[in-house]
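Student: Let me give you the structure first, and then I'll get to my questions.
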Amino acid sequence: MDSVTLTDVTYTYPGSEGPVLRDINLSIRAGEFCSIIGPNGAGKTTLCAAIRGFVPKFYKGDFEGTVRIKGEDIADASIGEIARDVGFVFQNPFTQMSGITASVYDELAFGLRNLGVPPAQIRERVEGMLELAGITAFRDRDPFQLSGGQQQRVALAAMLIMEQDVIVIDEPTSQLDPQSTDDVFALIEAAQKQGRTIVLVEHKMGHVARYSDRVVLMGEGRIQAIGTPADVFTDPAAASHGITLPESIELAQRLAGHGVTVPGSPLTVPALIGALSGGSHHVAD
Amino acid sequence: MSKLFAIKQDFTLMAILLIPIAVAVNFVGGSLALALKLPLYLDSIGTFIVAMLAGPWVGGVTGFLSLLGVSITDPTSLPWAVLAALVGVVVGTLARGKMFLTWGRIISSIGIIVLVSVALVVIMRFLFFGGFTTSGSSLVAAAMMTAGMPFWFAQVLSSIVSEIPDKTITVLIAVFVIRSISTRTLLKFGTGSIFAEYRTARKAKKKAAATPVAAGTTN
Amino acid sequence: MSASAVSPARTSRGSYSDPRESPATEVLRTGNGVRDLNPATQLSLAGGLALTAVLFGPLCMVIVVTICLVLSALAGRARPFLTLFTRTILILGIAIVALQTFFVPGTTELFSWWLFTATAEGLAAGIQIASRVLGVGASVILLIQILNLDRLVLDMEQRGMSPRATYVITATVNIIPQMRKQMGVIMDAQKSRGVETDSNLWVRTQAFVPTIGPLILNSIMGVEEKALTLESRGFSATGTRTSLRYVEDRPRDKRLRVLIVCALVAIIGVRIVLWIL
Ligand SMILES: Nc1ncnc2c1ncn2[C@@H]1O[C@H](COP(=O)(O)OP(=O)(O)OP(=O)(O)O)[C@@H](O)[C@H]1O
Ligand SMILES: [Mg+2]
């Protein structure tokens with residue numbers, strides 16, 4: 001079943017010159033890990049905001065088309081009610097702390113309290129999420145005293161705990177070091193394993209290639225290419241939109257230039273090595 | 001007019017989130033002025049900015065909360081919470097009346113704000129403290145009376161002397177900050193969008209002036 | 001449902017579910033009788049004391065200040081009470097008496113000193129005003145000593161106050177130390193340039209804007225993302241909210257509040273009678 005469906009979505013921000021999203025048609029299956037890539041200003045964030053209903057409910061502006069979550073048109077739902085179905089994680093860890101909690105524990109409980117979940121259940125779910133996100137060690141710490149990477153894991157955990165079916169995540173790792181990036185991705189993967197639909201905007205193509213079921217390439221407000229990571233990264237559109245390819249694919253293409261053809265499109269460096277050492281490669285001449 | 005009284009509508013989530021920031025800016029501004037040994041208070045910059053972005057009621061709440069906060073460490077400041085709230089309301093009302101858009105209007109606004117502040121300071125000081133406190137401007141008033149000036153004259157003059165530079169600089173900093181905020185962000189705030197619309201209109205005018213032929217066709 | 005639900009349940013609880021119905025909620029308690037009074041009781045207590053001091057003269061002020069001191073002592077806060085009282089309110093009170101004595105014109109001259117003449121009228125006026133200031137000030141300081149902000153906010157929630165209102169209060173208290181910290185970083189940079197100690201007023205004034213400007217702009221820039229984060233966490237969701245803690249409003253508190261109101265009515269009555277006589 002489709003979890004997220006956008007039909008003919010065209011959108012213009014108030015005061016902006018032309019549409020930022022143009023004729024977007026996109027269906028994301030339940031449980032799918034869908035990544036959105038594209039150059040700066042392509043409309044990735046705006047697309048995410050449309051899925052969450054922030055566009056047009058918060059940003060106003062001219063909106064055409066429909067967005068459906070689990071088949072329901074969200075145009076009729078209030079911005080507060082959509083919180084039960086769609087979670088949203090942002091880039092900046094600092095602004096994602098609620099600002100009114102004294103501990104990580106309370107920060108995780110905040111969303112559930114707003115939704116009126118019974119106290120005993122809140123405590124149980126907070127304990128579970130602290131464990132899952134690997135943040136048990138700082139359960140009593142002030143969220144503002146944590147490092148950026150720790151804060152981002154708290155922000156993600158505070159969203160995931162609400163158990164929405166769809167999680168939209170916009171460049172969660174752009175301000176993080178490699179270790180924190182891996183931690184965040186591990187948590188996102190865990191959420192997907194719980195059967196939740198992931199919509200992720202990410203510039204780190206190695207991670208996109210490794211985790212995604214499907215990749216959407218955005219450019220100038222339109223979907224330029226869509227398909228499996230292997231399809232999209234080998235699509236000429238990717239290069240023309242200035243996408244840095246994942247290392248493995250880049251290497252494979254260079255090797256091809258030197259006459260070494262690699263079968264398929266290895267999405268990770270180990271896969272590339274595997275493909276090469278598997279003896280199934282052909283050296284010309 | 002009826003829009004002015006729709007108080008609840010002013011307290012949007014964006015406005016609500018602005019209040020804590022503004023109170024903190026007031027605190028930080030006040031202590032920075034002290035640290036730099038400036039002869040000014042500069043402890044209401046946050047209130048002014050919020051009033052310009054989110055209107056009189058949010059501005060009033062910000063001023064009130066700021067002085068409530070100060071009173072925790074200095075309870076003698078508590079009565080001035082009323083003053084701070086009223087000044088916030090005045091600034092917000094001026095902003096809603098488009099009074100911070102051009103330099104001419106900004107100068108008139110400063111005049112109005114100073115007048116209101118002086119009147120309130122003198123009246124409240126008399127009501128709550130009998131006319132004399134340990135504040136700088138009050139001691140100046142006392143000195144002026146020793147020199148033979150009448151009570152009310154000394155009170156008003158000493159307040160004017162301290163309010164004019166403080167409120168002028170506060171308004172200028174607030175306007176400077178508002179002008180540095182992107183149009184996109186300004187549009188998210190009720191009163192702030194007045195500044196955004198003015199900016200867009202002016203840009204359009206400039207463009208039209210640069211290409212007079214196109215101006216006729218686009219309109 | 002649970003053992004803790006002994007007291008009769010309040011029927012109207014605003015938009016929050018009754019925390020006493022679950023054993024998973026905890027009572028916010030300090031273990032001190034005065035500080036554990038319900039915040040509404042504490043507020044009416046301080047308000048009543050302040051009003052009494054305003055309505056009556058210096059003698060009553062002495063009583064009010066004594067009561068405030070005793071209550072602070074019972075709350076284990078005698079020392080902070082006295083420190084704050086002497087450093088702020090008492091100094092102001094003494095200054096008011098002195099300034100009024102010397103600056104209020106009158107016919108009864110007490111003594112002359114340098115340029116100043118002390119009058120009996122001024123002294124009398126000073127004592128009246130100062131006693132009001134001292135009485136109200138002592139009540140406010142008492143409140144500062146016994147009122148806990150977390151408990152106040154929780155109590156407001158329990159009484160049906162909008163989550164937006166309580167958000168503002170808590171967030172304000174939390175944000176100030178953060179801003180101070182950010183400010184400290186910027187200030188250190190300025191200090192290393194010697195701005196702070198520069199004797200030129202203009203140089204110091206010019207340092208102000210670049211120090212505070214970016215701080216304000218960055219904070220305003222973050223507001224949008226914060227608003228959307230709160231929306232995503234269901235801050236605007238309708239329906240009942242849950243509290244994990246609660247503040248008690250015991251029968252004792254209610255009796256005390258009734259008592260305070262009765263006492264106030266009596267005090268105002270006495271005041272009116274005294275005015276008429
Ligand atoms: N609130 C807004 N008001 C007006 N225009 C906006 C707003 N937000 C974004 N835009 C514009 O819309 C276009 C798409 O922006 P968007 O943020 O969706 O791009 P993006 O793909 O997420 O880029 P990035 O990689 O930089 O995050 C840009 O031209 C941007 O300037
Ligand atoms: Mg973006």
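Yeah, the Cβs are placed from backbone N, Cα and C, and that goes for glycine too.
Here's the feature list from TrEMBL:
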TRANSMEM  B:12-36  transmembrane segment
TRANSMEM  B:48-72  transmembrane segment
TRANSMEM  B:78-95  transmembrane segment
TRANSMEM  B:107-132  transmembrane segment
TRANSMEM  B:138-157  transmembrane segment
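Situate these features within the shown structure.
Tutor: Residues 42-47, 49-50, 53-55, 58, 61-62, 65-66, 69-70, 188-190 of the same chain, all 6+ positions outside the transmembrane segment (B:12-36), place their C-beta atoms under 8 angstroms from a C-beta of that stretch.
Residues 4, 7, 10-12, 14-15, 18-19, 22-23, 25-27, 78, 80-93, 95-96, 100, 170-171, 173-175, 177-178, 186, 189-192, 195 of the same chain lie 6 or more positions beyond the ends of the transmembrane segment (B:48-72) yet place their CB under 8 Å from a CB of it.
Cβ atoms under 8 Å from those of the transmembrane segment (B:78-95) belong to residues 4, 44, 47-48, 50-52, 54-64, 66-68, 71, 109, 112-113, 116-117, 120-121, 124, 128-129, 191, 194 of the same chain, restricted to positions at least 6 beyond its ends.
Residues of the same chain lying 6 or more positions beyond the ends of the transmembrane segment (B:107-132) and with a Cβ under 8 Å from any Cβ of it are 79-80, 82-83, 86-87, 90-91, 94, 99-100, 138, 141-142, 151-152, 155-156, 159-160, 163-164, 167-168, 171.
Sequence-remote contacts of a segment are chain residues at least 6 beyond its ends whose Cβ falls under 8 Å from one of its Cβ atoms, and for the transmembrane segment (B:138-157) they are 118, 122, 125-126, 131-132.
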